[in-house]
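Only one structure is covered here, and it is reproduced in the block below.
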């Protein structure tokens, strides 16, 4: 194609039937190079879902991926810019970016944030919030008019795309344990947990003997597929990370709700997850904060561990965020605010304190 003197080598999507001759790296390379006919004109090579040009053996590390050589070869061509997209974070963020060795930039594309969602939503903020809490930020849901359409789409997307890709890409056998693990994580957003705790849940509730290592592997696969993200615990006063437990948040609430049949719509935990996603969309690294409070009550010393919902870092800026679905009374405000104020004092950095209530209540924010 030609546009104002600029050439496009083709939008090659190796997984689609229309491009069936190019599921392998060497065939894809031959095809792209055949379209680059002028060494002086600029070309833009767009490779979508590029992980489909990597064999299962290569993805599992049994063989070196040939695709990396193809990409590096194209990058050495001065008149060619290469754009690679995919839905496997390990393959893109770790493997491909390592091979590019500083010659490429990664752009993370997430589901729509609430602000982005509202730009396209035809309605007021109250109804938009209810819609976003239920169906999340997958863009295609905005074009669907009925709840039935959205529910079916999200269920099929999770089942037929995400889970099947995890199974096929990692050489797994689809097992009830993988399904159960997804359900456990979806049911416990905002809760501290770790693989040993999850193993105990499997043993006591599901009567399963799944191992801790298997749980860790499955969680890693879910993270690689952009289903969940891990938030580590950070000791604010001690300025160090605490190894375990951690929190896991879903990258899209619609997918999470679809997995649970739209039954567990817990506003408090869902809002916490949405705030986490908003911070990540804005580029922050996000941890879960811990503050130890010591004092004396009636002559008896005590130690109380308080949680700061989020410690968000971006460059030299650090924010402490406390998520509260409702702040109906001054007592509730007083209960939440000191956690952030104590954290702020400990850090001595630029910080902010924010609370966010449901649309029918008020929202407050302040910074220091």
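Yeah, the Cβs are placed from backbone N, Cα and C, and that goes for glycine too.
Here is what TrEMBL says about this protein:
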COMPBIAS  341-357  compositional bias 'Low complexity'
COMPBIAS  358-368  compositional bias 'Polar residues'
DOMAIN    30-118  domain 'AAA'
DOMAIN    164-323  domain 'DUF4143'
REGION    1-20  region 'Disordered'
REGION    330-368  region 'Disordered'
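Sorting each residue of the domain 'AAA' (30-118) by its DSSP state yields 41 helix, 10 strand, 38 coil. Looking just at the domain 'DUF4143' (164-323), the mean pLDDT is 91.
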